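Student: Below is the structure I would like to discuss, written out as structure tokens.
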Amino acid sequence: MTSLNLADGDPSTAAVDAVVVGVFDDGDGVPQLAPGAEQVSAALNGGLADALRRLGATGAVGEVTKLATFGAIKAPVLVAVGLGADDGEVSAETLRRAAGAATRALAGSDRVVLALPGALRPVAEGALLGAYRFAGYRTRPQAGRREAVKTVSVRSAEEGTKAAARAMLKRATTVTGAVAQARDWINAAPNELRPPAFADAIAAWAGTAGLDVEVLDEKALKKGGYGGILAVGQGSAAPPRFVRLAYTARGATSRLALVGKGITFDTGGVSIKPAANMWEMKSDMSGAAAVAAAVVAIAALGPKVNVTAYVPIAENMPSGTSYRPGDVVTMRDGTRVEVLNTDAEGRMVLADAMARAIEDGTDYLLETSTLTGGQIIALGKRVSGLMGTEDFCNRVRDIGARVGEPAWPMPLPDDVRKGMDSEVADISQVNAGMDRAGHMLQGGVFLSHFVPDDLPWAHLDIAGPSYNAGEPTGYLPKGGTGVPVRTLIELAEDVAANG
């Protein structure tokens with residue numbers, strides 16, 4: 001993993017492979033040097049802005065322009081990264097995107113210095129998030145592939161002590177390390193990360209952080225009445241698992257439960273999906289990866305709040321033992337659910353996990369999952385869908401906006417719930433008419449059935465934002481993104497501070 005330290009002194013004399021400076025867009029597509037570039041510009045006799053203009057740089061956010069320095073500064077390469085319009089203060093998300101674009105463009109370098117304006121934390125986080133590389137499974141090197149930057153040095157444009165700055169870098173390393181772990185799990189080949197293997201990996205990683213770890217196998221799940229998890233997992237040769245991770249802070253009074261969907265591969269089961277792009281369904285455990293990674297980071301940061309992660313894990317496969325449309329499943333809380341579509345499996349495992357969280361006792365519950373394709377249709381691939389109790393959802397939304405993981409509140413309409421009435425059970429898992437209108441809302445409405453009216457809760461549908469099938473952009477790589485790890489960590493800190 002890329003290491004991070006605090007830069008000191010003149011970047012033009014730094015013995016590194018590259019120096020990164022920021023440039024603004026002046027409104028006419030002409031680059032304008034940002035604070036932090038002064039010493040480098042002076043070493044280039046004031047000609048840097050003109051050189052960038054001649055090279056076609058505009059200052060657009062995340063735009064990267066490389067220049068050879070030919071000895072004018074000690075670093076052989078200078079990188080100018082766009083910060084957009086100069087509005088007086090560069091936003092945290094712009095800094096994250098710019099820093100991430102720069103470190104990704106400098107893959108293969110040993111050491112780079114970032115001399116960007118603005119707050120230290122988003123620059124540090126963006127740099128590490130953008131430097132991420134998935135190791136993969138190749139037996140020989142890929143032509144043109146470069147490894148991640150080894151060391152990033154960040155200059156602080158903020159006032160304060162070096163000790164405070166170093167503490168901020170340490171925090172950034174912890175947070176982005178959790179994101180990287182979630183990305184690694186999401187990007188793993190599904191034959192390498194079937195339910196028992198995923199449960200073992202989570203337990204091993206959490207154990208090193210001193211968390212209390214509980215793993216239930218298929219026998220314990222049957223004994224405990226986890227009917228939803230067992231139903232989804234019964235079609236696979238790899239049996240389901242349920243993992244509970246608990247961080248207990250001394251003196252804490254508030255409790256936060258995090259629930260994440262862990263479908264290690266989703267074929268749709270008997271209600272099988274189309275073959276096109278089905279390989280992306282290895283990412284259907286992104287919610288589980290996020291909550292497991294987040295709680296380990298939370299333990300490292302040490303906020304005064306008790307946080308427990310609940311991770312239901314199964315593989316949704318078609319076979320002679322699969323659950324079927326028409327089945328009635330008795331859930332952990334006793335609710336009987338009529339199955340109409342085996343591809344609506346996520347809500348089945350989540351309902352059991354949420355029931356366990358509620359039994360254990362919590363003050364807040366946040367569940368996150370790649371639950372519906374309807375989320376992508378409604379909100380696209382960068383904005384998560386958010387449902388639940390209004391005040392808590394607004395809190396989660398504000399935190400997500402702050403860390404660069406946006407979410408948009410959606411309703412839980414009564415008419416959608418009415419459409420899920422069953423003639424033979426307490427509730428159908430989807431609309432009884434198989435109507436896909438409001439498909440994202442159906443998932444949220446189903447889950448709301450399992451939550452007490454007086455419990456603040458949120459359902460975060462991350463179907464689009466959790467996986468980037470396109471080209472890398474900003475600090476987001478191709479593949480697993482790690483959304484919403486940073487939101488979960490920040491939420492725990494917010495609950496610790498404000499109850």
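Glycine is no exception: its Cβ is also placed from the backbone N, Cα and C atoms.
Source: prediction; values computed, not measured.
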Student: Record says Lys261, Asp266, Asp284 bind Mn(2+) 2. Source is TrEMBL. Which of Glu158, Glu192, Glu345, Glu359 does it list for that same site?
Tutor: Glu345
Student: Could you tell me the mean pLDDT the prediction assigns to the domain 'Cytosol aminopeptidase' (341-348)?
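Tutor: That region's mean pLDDT is 98.
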Student: Which ones, of the binding-site residues Lys261, Asp266, Asp284, have a Cα no more than 10 Å from the Cα of Asp343 (Mn(2+) 1 binding site)?
Tutor: Asp266
Student: According to DSSP, which of helix, strand or coil covers Arg347 (active site)?
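Tutor: SS state of Arg347 (active site) = helix.
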Student: Judged by the number of other CB atoms within 10 angstroms, which among Asp266, Asp343 is the least packed of the binding-site residues?
Tutor: Asp343
Student: Out of the recorded positions Lys261, Asp266, Lys273, give me the one sitting nearest to Arg347 (active site) by CA distance.
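Tutor: The smallest Cα gap between Arg347 (active site) and any of the recorded positions is with Lys261.
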Student: Using CB atoms and a 10 A radius, I'd like the single residue among the recorded positions Lys261, Lys273, Arg347 with the highest neighbour count.
Tutor: Lys261
Student: Between the Cα atoms of Asp284 (Mn(2+) 2 binding site) and Lys273 (active site), find the distance and write it as a whole number of Å.
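Tutor: So the Cα of Lys273 (active site) lies 13 Å away from that of Asp284 (Mn(2+) 2 binding site).
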Student: Count the Cβ atoms, other than its own, that fall within 10 Å of the Cβ of Glu345 (Mn(2+) 2 binding site), considering every protein chain shown.
Tutor: 30
